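Visitor: Structure below; questions to follow.
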Amino acid sequence: MTCVHLLLTLVFAVSLGTPVEVHRPRGVPLSKKPFYEENKPFTCLDGSKTILFDQVNDDYCDCKGGSDEPGTAACPNGKFHCTNAGYKPTFIPSSRINDGICDCCDTTDEYNSGAKCENTCKELGRKEREVLQKMAEITKEGFLLKQQLIEEAKKGRGEKQSKVTEMQDNKKQLEEKVEALRTVKETAEQPEREAKERHLKAWEEQKAAIRLVKDKAKMAEAFLELDDNADGLVSVSELQSHAELDSDTDGTLSEAEAKGLMGGVEQVDTATFESVWENIKDKYHSESQPEEPAPVETPVDEVKEPVVDNESEPYPEDISEEEDEDDDDDDEYHEEDEKAPPTMKTPEKSQEDEEAMPPYEADTQVLIEAAQKARDDFEEAEKALREMDDQIRNIEKELSFDFGPNAEFTYLYSQCYELSTSEYIYRLCPFNRVSQKPKFGGSETNLGTWGSWSGPENNKYLSMKYEHGTGCWQGPNRSTTVKLTCGKETMLTSTSEPSRCEYLMEFITPAVCQEPSNIDLSAHGHTEL
Amino acid sequence: MQMTAVVELCFVLLLFLLFVSAQAVDRSNFKTCDQSSFCKRQRELKPGQSPYRALLDTLELSDSRLTLQLINDNNKVRLLLELYRLQGNMTRVKINELKPIKPRYEVPDVLISDPITEALSVVSQDDNSLVLSLGGNEQRLIVSAQPFRLDIIEGPQVLMSLNSRGLLAFEHLRVRKDTISHKISSTVGSMWDSIKSVFSSNSESEETTGQQKEEQPTSEDGQIKEEEEEKPGMWEETFKSHSDSKPNGPSSISLDFSLPGVEHVYGIPEHADTLRLKSTENSDPYRLYNLDVFQYELHNPMALYGAVPVLISHSTERTMGIFWLNAAETWVDISSNSPDTVSSDAPQTNVRWVSESGIIDVFIMLGPKPADVFTQYASLTGTQSFPPLSALAYHQCRWNYNDQEDVKAVDQGFDEHDIPYDFIWLDIEHADGKRYFTWDPIKFPTPKDMLKGLMDKRRKLVAIVDPHIRVDSGYRIHNEIRSKNFYVKNKDGGDYEGWCWPGNSGYPDFTNPEMRAWWASMFAYDQYEGSMENQYIWNDMNEPSVFNGPEVTMHKDAVHGVWEHRDVHNLYGLYVQKATSEGLIQRSGGVERPFVLTRAFFAGSQRYGAVWTGDNAAEWGHLKISIPMCLSLGLVGISFCGADVGGFFKHPSAELLVRWYQAGAYQPFFRAHAHIDTPRREPWLFGPENTALIREAVRQRYALLPYWYQLFYNAHNTGQPVMRPLWVEYPAEVITFSIEDEYLIGKDLLVHPVTDEGATGVTAYLPGKGEVWYDVHSLQKHDGDQSLYIPVTMSSIPVFQRGGSIICRKERIRRSSSCMENDPYTLYVALNPQGFAEGELYIDDFHTFNYQKSKQFIHRRLSFSNNSLTSRNLAPDAQFSTESWIERIVVIGGSRPSSVSLISADGVESALEFEFSSNPAVLTVRKPSVSAAADWTVVLRREQFINVYKHLGVRKLGDFWVNYLFKRKDSDWSIFNEKRKLKSAM
């Protein structure tokens, strides 16, 4: 057995760091000392077995739970207690005993490894106290600020609620006004419509008369044209010279067809031509007029598919992630929407020789103006109502947010906070969205929109989750977790991307500061001696 | 000119896009045999009568070297055949052109030395054949003249035939005779003259010896050549938009091998395919051409990152190997006369090798046992480097750990979750603009602080150093390489440039020894700023990967000194790792063992570190294929193999991740890695249950580190693989020949990882009639020679210890392997049915070359027989002191002893306490407390109480009580202790 090994099997450690060490097996906390009675059989704390006392800390694991070897690394699941006088006592896994790494600030874990450890407990304790003190100050101030925030939020909430109530009343009045104006409008529109219809009817009649006259003239002209032999009669054969009148679309006007058009007779005079004219006028081409050119059809074979290059591979649309971020679907859709459907050609325009409708008569004009005014008044009132509705909805939406148990986060609503890093400007708009914009040009990337509070179960208000940001190449949509810590100011203190497209922001705000009395200065365990 | 540049840039961009955007391997990026002109030409050649004839009268024989000429009767080109008998039952066959118009490439630096030759003697000779003796065992080499073939026989049995199918084809170097060459006919003409004079002098010499027979007249010689058929792709070849200028014209070589009686062949990694090679009759041949394949597919013969041109054949009768020493693009066709149940034809496997350039240089390893083939191959290319112990522990990698804070947080995460790890890795983002040997000034401003922080935890770091060098006049590495003229050249003589991670990059010529020496010197602590002794290196992209090159690699007409890239391609990656590994050795003054991971490799790469299976994916199929991929590498010397745990691409489910950790914990190189676009996956991010499962898997790895270390020591000394297919240890059990879902670690542990989603059980085959295996977790005994169904839960990793073995573990799992160096051992003695077991224990300082230089190590044989376990020194001339001791001995499968005692080296006997449980039969001996370096024996006695009583006077009291308790059939320690206390109180 080596000397080293003898050392290993020593049951009691010679206390190195703390002169007033209570005598107990190495690695045993004071609270457990009663279980380790010197020179009495030791029963494993899990009750699994009883062993001789000299097998406690003899560097061999006898108890399943590891309780026989609190001061050696023999048991895989043992715990070693560092007293750490001057700092916080702690347990470390017994596998860290004598592994050459200083874990306990009082150096007691490295009693046989050759590791040169220094007792740093005092220094750590001092630093810890400083930190705690600083934190306490911040917390104290932060908590005061938080109280103000709560007050303000309460006030603000009250104000908003009463505003909503007030607006609801106004809204009712507005609605009544809208209804009244609607009646006025409808009343004014009735005579307007009637006057317009009258005017239109008169115009239609006039137009029909004119058309009739023109038709007669055309008929006469056609008769003269058809009557090739000028015998005052149009015969079947004369009609046959007008192939365009072909009814079975074989390109020629057969005798039978012509006869059919002639109403079964061989020839007609000017009077009986009237009925023939009815049959042919739609197709008839005047010989003095040139034929209408046929509509130009685009030859089908000229329409080609875009040339497909066999060498080129199907590339994804986005050239890089940056570009991918650019594609803002909303914009595209808006553009689509703005494109009006192709305008239909008004039939009037194609009818050549018809004149424009004459202006309304003065009394009709008066009626129209009156109706227009009623319409404008109505629309204005309706718009006001819509705006009012929007305002109410917005306030109600704000009121519906979970702004914390005491509404202390209310003040963050509709604010934005920025943080500039070497490459990007990050922007957090609480309860709304998180974004990232390259410092030197380039468009903004959405890192997520407000999702929910996502803190631990005991206090979900310690972190926020923003989700469904711009998608990542081959990956998920971007999302951001915002960790909130107590501070006097409200600001974004850091951002990182611990995992691709999953961002983490640290944000300080007084709204999460705890009441100072709730902060246990020795929260990490009671100070032992 | 500018236009070209723009077009090229666009193309680069497009190619890069293509590279990063594909979802799975884009096969069209890689050549099929049909698209590789030499492969197409060669494959068009069908088996038949060989045009080659051996000119037996040209025979020249010194004691160890036989040469004779071969002539191709179609074109009269002569080849020189060299035959060597090599020490250790090997035959070397070399075939080159007798008078090539310029030298052909012969692969340097792969063989560790000139193989030791043994005398060859002619046994008999007649007109058409020559019989040579290959030494004992009635082994003969028969050279048949017409058609030329070689047969290796043992007694009446043919072991292997070469050119028996007439597929020897040697494209001789020639002068181009197309229009362009006519234009420069003056130079060519003079070349022709010199060539003709070579040939005429050749014929003249034959004439003078009066042995010229049916040779064509000299003048016609050239004529015949000129008439030879020109085939497309001989002088120029294009693939996609890349053209290969082929200034040397056709130069490919081919040879066939027939293996009578063989149905199973293995090896020729790297392919994502089954362990047992498939017939390629209805597919492309297996391809060996180091390529960066993006999102590779499983189960096909496509080339991957590395190439080892070694094929192993195995039958119940014999194991053999064929080592085709050629570094050019190579294709391997495999066909078999599969056993036809109707006909009585003996099975036979035919293998045909085709390479684009170089010479035929084949080593035939004749076994006969698997272990012999490994020894034979190791004698040629060396053995696995012996890694520092920590490299065998767990590695945590990710592309990328973002910055120093991230590294620190991950390091702390491991402590918080009490999971050990030894190495954290930094991928390409750590360097300043992908300028390797530098650190990103914002993310890693103080690398030494980071390294020091890791060192304080006795942990280490690996940083990536890739061989593509950013072309940037502000980058010292680039400037030095350029000024020293160390870059690979393009066909026009300028520095070759290609596109890789940093953008436009140069590629150092690692085939140049001066370049390698310079590269190695860059790892010196004063050269590589921010590096420290606990930083090691990872060489990625060393196929080499060129994003805008043909098949994502370097143009074949790029130039390395006097050779084309075509000749050296598969060797490039080996050289990169070699130079890096030498750099790490040099920076420590030759004291420390290096650790370098490489993605590309070749025969001999085992000497320089570890390899991994490249960019796999988080899919169950990829988990499964990791086993045959690493087994195949192990068979050809590369034992230090692993796959990215979790899968590189994509996001693994928690179940897949846990199963991968469980499998990876039992593979040689154990590293988790992930693509930059995947969500984080440190072991504690999948909920406490999965964290616990992963912790347990990693802990099992750490407990077994002594065994892994001893196996690597063994691999380093003997060339035996660490991870072995079952058939290697059970060569007569045909059922094992195709098993690839389980394997052996050494010969004593059998592992059948769970690789199926939602598995509720696995069926493991336990080999060995009359043998027994013990489940290492339950210690239950199972008979060999059976398929055993094992129900599994998420915590199960089916592992069995062979009855008859002793395995040393360290069961105190700490933060890192370094923290465990002085910890005591627990010996697991698994008895075979004869009550026998043996094993080894190897200890040294775990990280230096002192084991080699000054024999500072402990190597012990542990053997259990006749109820006593003895530790005996296997290396009496070695010396090392250790603080480690034996804390526990677990004897599995024996019966209850009446007493257990330790007899130390000086003969003093002392009683040991023990526990025994009968189902399963496990004896646990408490705390022998003897140094791991000492000689000792532990004796289990089974005397009757009465006998013990008789001897009470001469025995120690402890024994009395042990035996007293034994009589009471009560082994409960507490009662024992009560009694003992009572006794001491008396």
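Note: Cβ is positioned from N, Cα and C throughout, glycine not excepted.
Marked as coiled coil by TrEMBL: A:157-184, A:368-398. Feature annotation from TrEMBL assigns compositional bias 'Acidic residues' to A:308-335. Positions annotated as compositional bias 'Basic and acidic residues' by TrEMBL: A:336-350. Residues or ranges marked as domain 'EF-hand' by TrEMBL: A:214-249. Feature annotation from TrEMBL assigns domain 'MRH' to A:414-515. Here TrEMBL flags A:283-357 as region 'Disordered'. Annotated signal peptide per TrEMBL: A:1-17, in sequence order.
Help me picture where these features are in the structure shown.
Guide: Model confidence over the domain 'EF-hand' (A:214-249) is summarised by a mean pLDDT of 80.
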Visitor: Do any residues of this chain, six or more beyond the ends of the coiled coil (A:157-184), have a C-beta under 8 angstroms from a C-beta of it, and if so which?
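Guide: Sequence-distant neighbours of the coiled coil (A:157-184): 374, 377-378, 381-382, 384-385, 388-389, 391-392, 395-396, 398-399, 407, 410.
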Visitor: Is the coiled coil (A:368-398) packed against any residues at least 6 beyond its ends, judged by a Cβ distance under 8 Å, and which are they?
Guide: 160, 163-164, 167-168, 170-171, 174-175, 177-178, 181-182, 184-185, 187-189, 191-192, 195-196, 360, 413-414
Visitor: According to DSSP, how is the domain 'MRH' (A:414-515) divided among helix, strand and coil residues?
Guide: 6 helix, 57 strand, 39 coil
Visitor: Taking DSSP states H, G and I as helix and E and B as strand, how many residues of the domain 'EF-hand' (A:214-249) are helix, strand and coil?
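Guide: Secondary-structure breakdown of the domain 'EF-hand' (A:214-249): 21 helix, 3 strand, 12 coil.
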